[in-house]
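S.K.: Dumping what TrEMBL says about this protein:
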COMPBIAS  A:19-28  compositional bias 'Polar residues'
DOMAIN    A:89-129  domain 'RING-type'
REGION    A:1-56  region 'Disordered'
Amino acid sequence: MGNCLKSPTADDISLLRGNDSQDGSEASSEPPPPYQESVHVPMYHPAPNISRPASQLTEEEQIRIAKRIGLIQHLPTGIYDGSKKIRECVICMGEFCVGDAVRYLPCMHIYHKECIDDWLMRSFTCPSCMEPVDAALLSTYET
Amino acid sequence: MAMEKRLQKELQALVNDPPVGIKVDADQIGQNLSEWLVNVDGAPGSIYNGEKFQLQFKFGSRYPFESPQVVFVGPNIPVHPHVYSNGHICLSILTDDWSPALSVQSVCLSVVSMLSSCKEKKRPPDNAIYVKTCSKNPKKTRWWYHGKQCYHSEYKTSLLGMSSMGINT
């Protein structure tokens, strides 16, 4: 028991000392550490042209965004296999490649999953036909 | 970067296959593509026939998820009920009705079509006060879009105020 308690304490001190002296020498002899990206703060879009971090959203906006994330997860996704008529994602204007992750909207327009999810977080409409996505979702649930 | 990649494609398409009356000067566009000047001709058959205009596009890093800033610049600003004398345009697709499926080309065509449907060259009714008080960025204006008339919100408030006082506008 005595050993168990003692050894970690001794170790801790030696580690601290070691670190201290190392840090000191590093600071004096080497340039500061390379630039590191500051912690990524996710931005949310309570409206299409507004971007705010989560900490600056009202409670109402937080709830709406949480609901939105839930609804987006309900929309079917797939892997592009080259068989669809739509060949280009109108958001990035890039052609679909076999193997790309795509998401289908109720109006049957398809987009890269990454592209459309970014848009749906701002506006819950189809970029191509402006059809509101939630209305279509609700009606498919009713039937 | 998604924004630059897409703008590169748009530029290529617009240079290679421009719609009639719309011309982009690719040499004027800087390296990062964030600012464009597009030359737009008044449509034949419209009251702007033969006139030449210039549209300035400014793209933010969130384009195409956020709309570009689009204003008329240069010596000839069209006299139109939705175009302020400082070049700001009251057109819903430039703010509320923006969609990432829209593009520089479709915005130019919408602007030309907006001009073409006009029968009388007239400035917006709130032009004087708007150009004195507005932000440089037209996206910061709260526009009210309704059919033929177009007001920025401060003007609308004053209009509502006047009508509630029994003043006919």
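Placed from the backbone N, Cα and C atoms, the Cβ positions cover glycine too.
Curation plays no part in TrEMBL annotations; they are all automatic predictions.
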S.K.: Could you pull out which residues elsewhere in the chain have a CB under 8 Å from any CB of the domain 'RING-type' (A:89-129), counting only those six or more residues past its ends?
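M.R.: Result: 44-45, 47-48, 65, 68-69, 71-72, 75-82, 136-137, 140.
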S.K.: With DSSP as the reference, give the number of residues of the domain 'RING-type' (A:89-129) in helix, strand and coil.
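M.R.: So the domain 'RING-type' (A:89-129) is made up of 8 helix, 11 strand, 22 coil.
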